[in-house]
Amino acid sequence: MLYWLVDFASSVPALNVFRYITFRTGGAMVTGALFVFMFGPWIIDNLRLRQGKGQPIRSDGPQSHLSKKGTPTMGGLMILSGLVVGTVLWANPLNPYVWIVLAVTLGFGFVGFYDDYLKVTKQSDKGFSGRTRLAIETIIAAAACYALMRLGRDPLSSSLAVPFLKDTAIYLGWFFVIFGGFIVVGAGNAVNLTDGLDGLAIVPVMIAAASFGLVSYLAGNAVFADYLQINYVAGTGELAVLCGALLGAGLGFLWFNAPPASIFMGDTGSLALGGMLGTIAVAVKHEFVLAVIGGLFVLEAVSVIVQVASFKLTGKRVFRMAPIHHHFEQKGWTEPQIVIRFWIISVMLALAGLSTLKLR
């Protein structure tokens, strides 16, 4: 909403500052952080009161996790609240990319919220049917990708950009909806699998958000896109504001999620944030780069796929436990060791992913 102050810039020249995406991104980040810092304790107290026993802890998981019994979940509500407030205040409300990404984020968040609700009320680690959840996610993601395809109305909007090769894109046509939907759903569930230790998921999410905030800004700027020889997608620069809001809300959440966590993100947050990152990657035509920047999420998801496939085919497990962060727990790594080392890996992968912008 603050973007509309630009209309009064002719009378008050200082209001021209609201034209700049960089300024509004910073404002969204500060707003998101302050909102979570201010209302976080109230949200935690209410969730603890309403949930009673909190998130159920798996009996077949690492024994060290039993000490976390009673910790409330659905902390994603804190992040999403800060994200929405920061976005609504600072983003251009007339930009369709903002609303498409926000719709996917909240849609996935609702799916995750319902899953968390069932787990808490039933005191079981099983939410609602995995197939049903996947079907709903696919519908939301496919609808968003269709909207993105129609929004562009040019061959690029239905194409897959290839890293390292300038002016190279694979035209997918209507298959873009399926491919893009797969990216969004895959990203959502990959982040969901990563969220297994205090602070493990939120920092890599923030690192990826900061990276894609930069990618969005560059891809949405004709001058920078031409210089870097990446695909120019008009209007996507505004997505940097959403990334800023997520970064701020994530910092606020980390304050309460740092070990020992006062609240868990839950599926409410992990599905929503993963879906958001996937949608932004599809919008700015950097789907392959998401696999690099979000490589930690890919690793976690692949470890589960390999574990399940190996057990079904051979009756043997590749890892002591999946996702892979539990494997390292079983090997004797402490929780802080795993979390901080995975953060370091995320930083390195983000730098590697950003370096591809200049490799053409």
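Residue positions begin at 1 at the first shown residue.
Note that Cβ sites are derived from N, Cα and C of the backbone, with glycine treated the same way.
Residues or ranges marked as transmembrane segment by Swiss-Prot on the basis of sequence analysis: 25-45, 71-91, 94-114, 129-148, 168-188, 199-219, 239-259, 263-283, 288-308, 337-357.
Listed stretches 71-91, 199-219, 239-259, 288-308, 337-357 were compared with the transmembrane segment (25-45); the greatest number of C-beta pairs under 8 angstroms is found for 239-259. Listed stretches 71-91, 94-114, 129-148, 263-283, 337-357 were compared with the transmembrane segment (199-219); the greatest number of C-beta pairs under 8 angstroms is found for 337-357. Sequence-remote contacts of a segment are chain residues at least 6 beyond its ends whose Cβ falls under 8 Å from one of its Cβ atoms, and for the transmembrane segment (263-283) they are 43-44, 47, 55, 71-80, 97, 100-101, 104-109, 111-113, 115-116, 127, 137, 140-141, 144-145, 148, 180, 183-192, 194-195, 201-202, 205, 208-209, 212, 216, 233, 236, 239, 242-243, 246, 253, 256-257, 289-290, 294, 297. For the transmembrane segment (288-308), the partner stretch with the most Cβ pairs below 8 Å, chosen from 71-91, 129-148, 168-188, 239-259, 337-357, is 337-357. Listed stretches 129-148, 168-188, 239-259, 337-357 were compared with the transmembrane segment (71-91); the greatest number of C-beta pairs under 8 angstroms is found for 239-259. The transmembrane segment (94-114) makes no contact with the transmembrane segment (337-357): fewer than 3 of their CB pairs lie within 8 A, with pairs spaced 6 or more apart in sequence.
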